[in-house]
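Chemist: Here's a structure for you.
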Amino acid sequence: MQLYDSLSKTKKNLNKKTINLYCCGPTVYNYIHIGNARPVILVDVLTRYLKSRNIKINYLQNITDIDDKIILKALDNNLTELEISQKYTKAYLEDLESLNINQPDKIILISEKMNEMVKFIKDLVDIKAAYELDGDVYFDIKKYQNEYCKLSGYKLDELISGKRIEIDSKKKYSLDFSLWKKTQIGIKWDSFFGLGRPGWHTECVLLIDEYFNHQTIDIHVGGIDLKFPHHENERIQFIAKNNKELADIWLHNGHLQINDEKMSKSLGNVILVKDFIKKHNKNTLRWIFLTTNYTQPLNISDDLIYQANKFFEKLTNLSKKTIQFIIKNDLKISLIKQSKYIDQFNNYMDDDLNTSLVLSLIDSLIKQINKNILDNISDNFNLLISSLSYILDVLGFKDVFNYKFKKEIKELFLKWQQLVKDKEFDKADLIRKDLIEQGIL
């Protein structure tokens, strides 16, 4: 399998039997929006596929439950920071479940790792990669200026202009970023440097460093908006501490737009996941994200949502026709995990998750199954529906194509057919209503 690495700007081979993976999690001060869902759906599709190829996954995600935004939210709502973070952590996990996203193997709250965070920062100070200044601690970029910005591609002199950084006259160098900040507001912890809180960029790298035992991980995933400064600053801290790369492959998903406009609070077009799910099929967002390569920007338009709805309508109708066809022809269906269609699916997925071609393959399968039903051809029917079901399952679509039924359903359907044949329409209509309710007609 090959995946596009943002650092080398090339597709890199992934040929391991065990994959260590990290994806940046949410800062839990609000409900997540559909842009936040893109990287976690990307990881879900990737890990489901790798598992289908018998590859073991060790997937870690953080939850940032200490942050200035959480403090402000707590003050505005007259609640504690813990109450805010617990509320939105619960909401985040519920959103994952609603989107049929498998939870990571390990989720770690940043607040649970404060002692380790302080030690990590102290270690960077001890090796002169960071320095303390009046209770604040900053990373010393000048020591690593030959490595810094290799991920984002920015030039240091462009950043120094102040366009991409916050200017702080206290620092040795304007690009030096905060590892520990002295504060008297909100929850704080004691440290070698005094009372304060860790910087956001240190939180993720500490978890990676500790959980994966100071080793380079295979894949780091996140949105393109986090490439700089967050991922850049994660990477440089890991290099400073361990003298090795943080990740072999950096996966970055593209930006989202809503009807050709940037999603932003000022435009009032931010769509929360929980609201999107109430309005649309729970699988719609996944289908939308799969229509284009994950690295590309994506415009979510009314037309694209309409196309998604039509896709699921096709599958619903196909499910009904498939069950009827199986009953009429008394077919025995067994699950098949090997076919030319599944081989083609694997080839597309191996090519940097070429999911747009996968969706085309699914459409071809739907057309072929419909043709077999129309022409009453039962040859290869088992292979066709098994291939379709397998591919949809690996992609993480839930309850979109069902060809299984109980013995009672078969008996009811055959009885209905006989009543229609015998022109006992009143009795047939009663059974027909039952079959419609159960999704057979």
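Even glycines carry a Cβ here, placed using N, Cα and C.
A quick note: this is a predicted structure, and the numbers were derived from the prediction, not measured.
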Chemist: Do you know which of Cys23, Cys24 Swiss-Prot groups with Cys204, His230, Glu234 in the Zn(2+) site?
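Modeler: That Zn(2+) site, as Swiss-Prot gives it, pairs Cys204, His230, Glu234 with Cys24.
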Chemist: Between the candidate ranges 26-36, 136-146, 301-311, 378-388, where does Swiss-Prot place the motif ''HIGH' region' annotation?
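Modeler: Range annotated as motif ''HIGH' region' by Swiss-Prot: 26-36.
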Chemist: Per Swiss-Prot, which of 182-186, 262-266, 352-356 is motif ''KMSKS' region'?
Modeler: 262-266
Chemist: Between Glu234 (Zn(2+) binding site) and Lys265 (ATP binding site), how far is it from one CA atom to the other, in Å?
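Modeler: Counting only the Cα atoms, the answer is 27 Å.
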Chemist: Applying a 10 Å Cβ distance cut-off over all chains shown, what neighbour count does His230 (Zn(2+) binding site) have?
Modeler: 19
Chemist: Taking the centroid of the Cβ atoms of Cys24, Cys204, His230, Glu234 (Zn(2+) site), which other same-chain residues have Cβ within 8 Å of it?
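Modeler: What remains near the Cβ centre is Trp200, His201, Glu203, Val205, Gly222, Leu226, His231, Asn233.
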Chemist: In whole Å, how far is Lys265 (ATP binding site) from His230 (Zn(2+) binding site) when you measure between their Cα atoms?
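Modeler: A Cα-Cα distance of 21 Å.
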Chemist: Work out, from DSSP, the number of helix, strand and coil residues along the motif ''HIGH' region' (26-36).
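Modeler: Result for the motif ''HIGH' region' (26-36), in helix, strand, coil order: 3 helix, 2 strand, 6 coil.
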Chemist: Mind tallying the motif ''KMSKS' region' (262-266) by DSSP state, helix then strand then coil?
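Modeler: Helix (H, G, I), strand (E, B), coil: 0 helix, 1 strand, 4 coil.
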